[in-house]
Each structure stands twice: as structure tokens, then as C-alpha cells.
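One structure below.
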Amino acid sequence: MIKEKNIIVLLSGGMDSATLLWLAKQNFEEVYAISFIYGQKHSIEIEYAKELAKIADVKQHFIVELPHLKQLGKSALTDPSLEVPSQDYTDQPPITTVPMRNLTFLSIAAAFADVYEIENIGIGIHSLDSPYPDCRAEFASAAEAAINASSVMVANKKNRIKIYTPFLGMSKVDIAKLGYKLGVPFEKTYSCYKGTNPPCGECATCRQREEALKSIKED
Ligand SMILES: [Zn+2]
């Protein structure tokens with residue numbers, strides 16, 4: 001199989017982005033990773049992201065700090081006065097939505113892509129009907145258009161920057177099965193939104209993770 005040239009992968013340290021990283025290693029010659037410290041209660045995930053990037057032997061792992069999202073609050077992921085719910089989300093979009101998170105992440109990754117001449121940006125968003133607006137296909141294609149319109153590399157070289165979203169339309173279970181096939185070390189990933197160590201096992205993210213990992217064993 002002919003590999004594409006290069007990619008920068010948004011790596012949170014969770015199982016989806018870890019699987020994306022392993023998939024990228026298979027499909028691209030050069031793989032970079034980028035992780036964000038944005039005031040998330042589960043910033044412990046960054047330590048997992050560092051370890052995963054090391055195991056995957058990425059070309060470079062960038063860690064970027066974004067203080068404004070905590071300052072902004074209003075999300076249960078960053079605001080100390082709001083609790084991460086243990087039950088399923090009822091609000092749409094959920095209280096765990098972080099304002100403009102993926103747009104911010106993609107635009108920063110795009111800046112690195114522009115400087116390092118990276119032609120693809122990988123993001124592990126999945127399932128077309130996500131409750132998070134910035135995890136939908138519509139968002140990804142609009143972001144891609146904006147990034148190409150503002151890229152110096154694109155203006156100079158007349159190529160394109162592609163947003164790589166292989167998991168759109170896949171469920172968490174599909175991703176877990178793919179990750180298993182690719183040899184992702186799931187024991188070195190972290191997903192809990194409450195940020196406890198060990199993971200709380202109760203929040204929606206913990207439960208979705210558990211269900212997905214269980215489905216591998218059932219196969
Ligand atoms: Zn949890």
C-alpha cells in the first residue's frame with residue numbers, strides 16, 4: 001500500500017485518538033501529534049498522550065496550552081462549579097461541551113501544519129449524529145474550507161490541507177474493534193471526564209469506553 005506523505009493527529013490520550021494515531025502510522029509516512037492542555041479536569045490524559053506518542057514513535061509531539069477555555073467556564077469539563085454528570089446527558093448539546101473546542105484545536109493544528117508543511121490533520125470525531133456540534137461531518141468540511149482559505153502553504157504550493165476523519169460514521173464499538181486489530185495499547189489510554197485515578201467508571205465517557213472494550217472480548 002502506498003502511504004500518504006504526512007499528518008498531524010489531534011491526540012487526547014483517549015481510545016479514539018489513540019486508534020487514529022495507530023491508523024495514521026499505517027497510512028502516512030510521517031506522523032506528528034498535538035495535544036492540548038485547556039483547563040480540562042482530566043488533564044491527566046496528557047500524560048497518557050505523551051506515553052502513546054512515544055510508543056507510536058511519532059516524528060514530533062506538540063503540547064499546547066490554552067488558558068482561555070478555563071477562564072470561559074460554562075463547560076463541566078473545565079468549570080469547577082459544574083459537575084461532570086454520572087448519568088446520560090439530557091441537555092443538547094451536553095453540559096460537557098467545551099465552546100469551540102474542536103475549531104480551536106483544528107486551527108492551531110493547522111498553524112503547525114502550515115509551518116511544518118503537513119498536508120493532513122487527523123481528528124477522531126465519530127458517529128454522524130454526535131450531540132456535540134463540533135464533532136459532525138458538517139463541521140469538519142467547513143473547518144477544512146476555512147483552513148485552506150487561510151493557509152500560507154496552500155497559497156504558495158497550490159496543494160490542499162485535508163481534514164482526515166476516518167471515524168465519521170463509525171461507532172465507538174467499531175473504533176475499539178479497529179484499534180484492537182491495529183494493536184493499540186488500550187491499557188495506556190485514558191478517557192474519564194472526571195479525571196480521577198483510577199477512572200470513575202460512572203461518567204458517560206467511562207461507560208462508553210467500557211462498553212466498547214467489552215465488545216472486543218465478545219468477538
Ligand atoms: Zn469517568
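Glycine residues also receive a Cβ, built from the backbone N, Cα and C atoms like all the rest.
In TrEMBL this protein carries:
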{"type": "BINDING", "residues": "Leu11, Ser12, Gly13, Gly14, Met15, Asp16, Ser17, Ala18, Thr19, Leu20, Leu21", "note": "ATP binding site"}
{"type": "BINDING", "residues": "Cys192, Cys200, Cys203, Cys206", "note": "Zn(2+) binding site"}
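Annotated features taken from TrEMBL, shown on the structure.
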residue : record              : DSSP class
Leu11   : ATP binding site    : coil
Ser17   : ATP binding site    : helix
Cys192  : Zn(2+) binding site : coil
Cys200  : Zn(2+) binding site : coil
Cys206  : Zn(2+) binding site : helix
Return the count of C-beta atoms lying within 10 angstroms of the C-beta of Gly13 (ATP binding site), excluding that atom itself.
23
Just to be sure I understand the packing, how many Cβ atoms besides its own are within 10 Å of the Cβ of Cys200 (Zn(2+) binding site)?
17
Neighbours of the Zn(2+) site Cys192, Cys200, Cys203, Cys206: Cβ within 8 Å of the Cβ centroid, same chain, sequence order.
Val84, Ser191, Tyr193, Lys194, Thr196, Pro199, Gly201, Glu202, Ala204, Thr205, Arg207
Could you list, ordered by sequence, which of these binding-site residues: Leu11, Gly13, Met15, Ser17, Leu21, have a Cβ under 6 Å from ligand 1?
none
Can you grab the distance from Cys192 (Zn(2+) binding site) over to Ser17 (ATP binding site)? Cα atoms, rounded to a whole Å.
14
In the same chain, which residues outside the set Leu11, Ser12, Gly13, Gly14, Met15, Asp16, Ser17, Ala18, Thr19, Leu20, Leu21 have their CB within 8 A of the centroid of the CB atoms that define the ATP site?
Ala49, Leu52, Gly124, Thr189
For the binding-site residues Leu11, Met15, Cys192, Cys203, Cys206, which Cβ has the most other Cβ atoms within 10 Å, all shown protein chains included?
Leu11
Candidates Cys200, Cys203, Cys206 (binding-site residues) - the one closest to Thr19 (ATP binding site) by CA:
Cys206
Distant-in-sequence Cβ neighbours of Leu21 (ATP binding site), under 8 Å, six or more positions away
Val9, Leu11, Val31, Ala33, Leu52, Ala53, Ala56, Val58, Gly122, Val184
At a 10 Å cut-off from the C-beta of Thr19 (ATP binding site), count the other C-beta atoms across all protein chains.
27
Candidate binding-site residues Cys200, Cys203, Cys206, pick with smallest Cα gap to Met15 (ATP binding site):
Cys206
Cβ neighbour count (10 Å, all chains) around Ser17 (ATP binding site) is 26
